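Student: Under the heading domain 'G-protein coupled receptors family 1 profile', TrEMBL lists 1-260. Here TrEMBL flags 26-47, 68-89, 115-137, 204-228, 240-263 as transmembrane segment.
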Amino acid sequence: MPHLQLTLTFSCAGYEWPLPRKLCAIWIYLDVLFSTASIMHLCAISLDRYIAIRNPIHHSRFNSRTKAFAKIIAVWTISVGISMPIPVFGLQDDSKVFKKDNFKKDICLLADENFVLVGSFVAFFIPLTIMVVTYFLTIKSLQKEAMLCVNDIGPKTKFASFSFLPQSSLSSEKLFQRSLNRDAGTSGRRTMQSISNEQKASKVLGIVFFLFVVMWCPFFITNVMAVICKESCKEEVIGGLLNVFVWIGYLSSAVNPLVYTLFNKTYRSAFSRYIQCRYKEEKKPFQLILVNTIPALAYDSSQLQLAQMKSLKKEAKMMAKDYSTVTIGTHRLDGTSKGSLGPGNEKVSGV
């Protein structure tokens, strides 16, 4: 960032402002703007993930590229609103952005104590509180959903099914029954897989939030202490600590991409594509697999609507004409039956 290069320049010059005085307010404004935007983005991510886990249906309706741009614009608008008073008042009165040190040098820093206190709480401590609360609520919600999902998976779910198969394909019927039994229990496992993915993503965000707290807390705590104990604290010590802690805070923005790249496969692949200037993800072509070894039609009655059931009955009548023997589930219609086709013999089990 340009403001970081400028910070390094006048840090090497003994922190004396080397440029025109009017640019000091602009530099502080950019410094506060970019730092606040970084913090607000993390806060927005934390809120967005909590809403997505707490109310996934509502979140999916508003999860689009347009809505994502709207969220980003909202974050930058808040950041600009927080940092805008600096150039507004600093350009009118440069005493708010300049302070003389013991060697009578003009040091470019935010000298307005009221703004230091208010800005520290609005730009850091309030977003930090929101991030911590929403993160723990997210973890709690994921644990609750995981427990509910484990309880639901207990007995395997079976659905009522109708299979129309020729008698000669009894092995195919068994194969289909195994397939249906496997598919019947996958809904819970898919839910568990989704929860597992959310937990992994939450762990990555937890690492990011932890690094954020560790790297930014020292600066903002020292910044507030410089105002509260300005008479009892040594100004030289506070100034030296602020100069060190602000660079640690800057490094947090450089660490975040490394954390995402190391722990998130999706981000890693997207980052790789962006480095190669491939901004659109390549979509894999659909593959259509035809299985001709099983000449059967299997239907899951739990997924059939009324119109489909009528069509199914018509197909059953046509197949009864074509085949001399038709197997319906475990019942035969060739004049003999293994049992009466009643509710007691129907292969139907509820969840």
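Using N, Cα and C of the backbone, Cβ positions are placed for all residues, glycine too.
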Student: As a test of reading the model: what is the averaged pLDDT for the domain 'G-protein coupled receptors family 1 profile' (1-260)?
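Tutor: Value for the domain 'G-protein coupled receptors family 1 profile' (1-260), mean pLDDT as a whole number: 76.
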Student: Take the transmembrane segment (115-137) and find every residue of the same chain, 6 or more past its ends, with a Cβ under 8 Å from one of its Cβ atoms.
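Tutor: Distal contacts: 32, 35-36, 39-40, 42-43, 46-47, 49-50, 54, 82-83, 85-86, 96, 202, 205-206, 209, 212-213, 216-217, 220, 223-224, 226-227.
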Student: Taking 3+ C-beta pairs under 8 angstroms (sequence gap of 6 or more) as contact, is the transmembrane segment (68-89) in contact with the transmembrane segment (240-263)?
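Tutor: These two segments do not touch.
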Student: Against which stretches of its own chain does the transmembrane segment (240-263) lie, if we need a Cβ under 8 Å and a gap of at least six residues from its ends?
Tutor: 4, 7, 11, 15, 35, 38, 200, 203-204, 207-208, 211-212, 215-216, 218-219, 222-223, 226, 271
Student: Do any residues, 6 or more residues outside the transmembrane segment (26-47), come within under 8 Å Cβ-to-Cβ of it, and if so which ones?
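Tutor: Those are 1-3, 6-7, 19, 71, 74-76, 78-80, 82-84, 86-87, 90, 97, 108-110, 119, 123-124, 127-128, 130-131, 134-135, 138, 205, 208-209, 212, 216, 249-250, 252-253, in sequence order.
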